[in-house]
Amino acid sequence: MQVTGTVLTTRRVDAYHALTVVAPGIAERHRPGHFVSVAVGGAHSSMVTRRALTVHDVKADYGGTVELVFTVRGPGTAWLAERRARDTLDLVGPLGRPFPLPRDPVHCVLVGAEYGSAVLFPLADMLLERGCRVDFVLGAASADRVFGAMRARRLAETTTLTTEDGSLGLRGRVTDALPSVIADTRADAVYACGPMESLRAVTAVAMEFDIPVQVAVEESMACGIGVCMTCVLPVIGDDGATRMVRACAEGPVFRGERVRFEDVGTIPFDALGAPGGGARHAG
Amino acid sequence: MAVAVDMRTFLAHVELANPVTTAAGCASAGRELAQFFDLHRLGALTTRSVTMAPRAGRPTPRMAETPSGMLNAVGLQGPGIDVFLERELPWLAQRGIRTIVSIGGGSVAEYSELARRLADAPGVTALEVNLSCPNMEDRGRVFAREGGTAAEVIASVRSIMRYDVPVVAKLAPDVADIVAVARSCVDAGADALCMINNPLGMAIDTETLRPSLAAVTGGLSGPAILPLAVRCVWQVHAALPGVPLIGVGGVMTGRDAFQLVLAGACAVGVGTALFNDPYACLRIERELEDLLQARGFQRLADAVGLAHRPPGGAARHLLVDTEESTS
Ligand SMILES: Cc1cc2nc3c(=O)[nH]c(=O)nc-3n(C[C@H](O)[C@H](O)[C@H](O)COP(=O)(O)O)c2cc1C
């Protein structure tokens with residue numbers, strides 16, 4: 001659904017920006033893993049595509065609020081970073097398919113790289129409600145880009161932090177710490193969000209331990225509702241066939257082992273409808 | 001309170017309840033938008049261009065935002081005609097949604113085969129032929145740039161489709177003479193024309209120092225191309241005043257749609273605006289109706305091509321001078 005949300009508060013979280021927006025309807029329907037899209041630049045904006053944003057927190061206050069986390073990457077997110085309390089935002093959501101939740105109170109490791117961590121907090125709340133054990137591994141290039149370390153420490157049994165420059169926690173990447181966390185916590189499942197490269201590496205680790213891994217991908221998209229076909233990636237279906245599926249509609253959450261990470265950014269030759277795969281082509 | 005404007009329009013002999021349609025490739029086959037509003041409120045739903053075989057499309061990145069627009073290189077990703085006929089068209093037909101089916105092919109034979117598959121399918125309100133596809137039999141030269149091959153495609157498709165299903169030729173703007181291509185298509189039997197498809201553009205990423213799109217070039221859409229669409233509709237309406245035109249390109253507001261109507265379009269397609277606002281078609285239709293009403297029009301049909309009247313000619317419809325009309 002589309003909602004004109006009102007900005008309640010804004011804050012800087014280290015290298016990131018967070019906006020809390022009153023968005024009734026979106027907040028109450030939100031499930032962990034869902035995202036929202038926002039129009040940027042105001043009424044006569046020259047920016048025509050929407051920005052997909054991660055939801056860090058959902059509250060019932062003021063009829064329902066969502067906290068959106070982003071990093072400034074271009075003029076659209078720069079505009080968002082300039083929003084102040086009482087400004088309005090055009091939001092559409094909740095979008096995409098949320099994280100599937102375990103039926104039993106299992107042990108879950110939640111892995112977040114960069115601000116991908118944000119989406120894991122509503123998930124952690126839900127897992128804890130179900131009696132799951134939650135452990136966090138959060139990482140980034142440097143300390144100011146590790147998102148949510150404090151909140152993770154409050155929520156989780158253990159929180160392991162990694163930075164590539166060693167400015168916080170262990171020096172290295174999340175996947176350097178992940179095997180021992182999985183082993184120590186006797187984890188039953190892994191959830192991850194972050195750049196494609198870290199999702200690839202997290203999936204490889206989980207597969208080594210032979211435990212299920214759910215990843216939330218961050219693909220750039222124009223519409224967020226499944227009509228523009230620009231956010232596709234190669235994913236293996238239940239029938240074993242690879243299809244170019246939409247991150248916004250079939251995702252953003254996928255079973256890690258189903259995503260062909262090595263082939264993201266290409267059309268694998270064996271994908272359904274790939275050029276030369278028996279398909280004659282037009283257009 | 002003024003009387004409501006009669007927004008009905010005709011694509012050849014087919015009546016649409018209002019002139020606003022989705023643009024091909026920008027609303028998939030309808031289901032996604034149906035989560036937001038009742039598709040019956042559209043003048044018509046235009047599908048993505050359906051191809052014979054399933055197509056995986058182009059590699060990513062497929063999209064780059066550009067000033068007042070965007071580039072796309074989707075490459076006609078879709079499940080192919082079998083799945084379209086099994087699942088997508090019946091879903092639309094069962095609901096009685098006015099549907100313009102767009103087709104795309106790589107040869108005259110492929111377009112013809114698509115027409116044959118669609119000829120007896122229930123639920124095809126009109127057939128739109130996307131001519132902005134490379135001709136595999138002519139070194140990949142785009143059909144829409146060659147009046148001759150475009151006409152061949154249209155003549156063949158027209159001969160296959162039932163007489164009561166209008167065939168619409170969708171034209172590209174980046175051609176030397178759009179009127180010549182339009183005329184070839186009409187002479188070949190096109191009942192209506194749709195314009196414009198995306199002109200080709202390109203953007204370069206100044207961080208990676210590489211083209212922004214994996215396909216290097218892509219189709220430009222959005223407000224940046226509205227003036228191009230207005231010009232094409234204007235020129236073709238001037239040359240072929242009796243031919244129904246669907247104006248497409250950069251329509252974000254009712255005022256944009258109104259420009260295309262005044263230039264000669266009897267229907268208006270909305271593409272990129274849907275990415276920004278899933279309700280764009282409904283909003284644009286309402287805004288267009290308000291603009292017509294504010295100017296004293298009782299029927300949309302009276303505004304079609306009105307800008308072609310000689311300067312100083314009686315502005316018989318301008319009963320009220322609104323503030324907006326001077327902006
Ligand atoms: C992502 C995308 C996909 C498109 N796919 C098709 C298509 O399958 N067939 C077609 O005839 N036109 C296609 N188009 C062109 C649109 O129908 C339309 O002609 C063009 O985008 C200009 O309108 P707009 O500025 O309102 O988007 C596509 C455009 C976009 C942006």
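Backbone N, Cα and C define each Cβ position, glycine as well.
Since this is a predicted model, take the numbers as computed values, not measurements.
In the record from TrEMBL, residues B:ASN130, B:LYS170, B:ILE196, B:GLY249, B:GLY250, B:GLY271, B:THR272 bind FMN; the candidate from B:GLY96, B:GLY222, B:GLY305 listed for the same site is B:GLY222. Less than 8 angstroms from a Cβ of chain A: among the binding-site residues B:VAL74, B:LEU76, B:ASN130, B:ILE196, B:GLY222, B:THR272, that describes B:VAL74, B:LEU76, B:ASN130, B:GLY222, B:THR272. Here the Cα atom of B:CYS133 (active site, nucleophile) is found 9 Å from that of B:LEU76 (substrate binding site). Under the three-state DSSP scheme, B:ASN72 (substrate binding site) falls in the strand class.
Between the CA atoms of B:THR272 (FMN binding site) and B:LEU76 (substrate binding site) there is a gap of 16 Å, rounded to the nearest whole number. In the structure as shown, the Cβ atom of B:ILE196 (FMN binding site) sits within 10 Å of 28 other Cβ atoms. Look at B:THR272 (FMN binding site): DSSP puts it in a helix.
Across the fold, the C-alpha of B:GLY249 (FMN binding site) and the C-alpha of B:ASN72 (substrate binding site) stand 14 Å from each other.
Recorded residues B:ASN72 (substrate binding site) and B:GLY222 (FMN binding site) have their alpha carbons 11 Å apart, per Cα-Cα distance.
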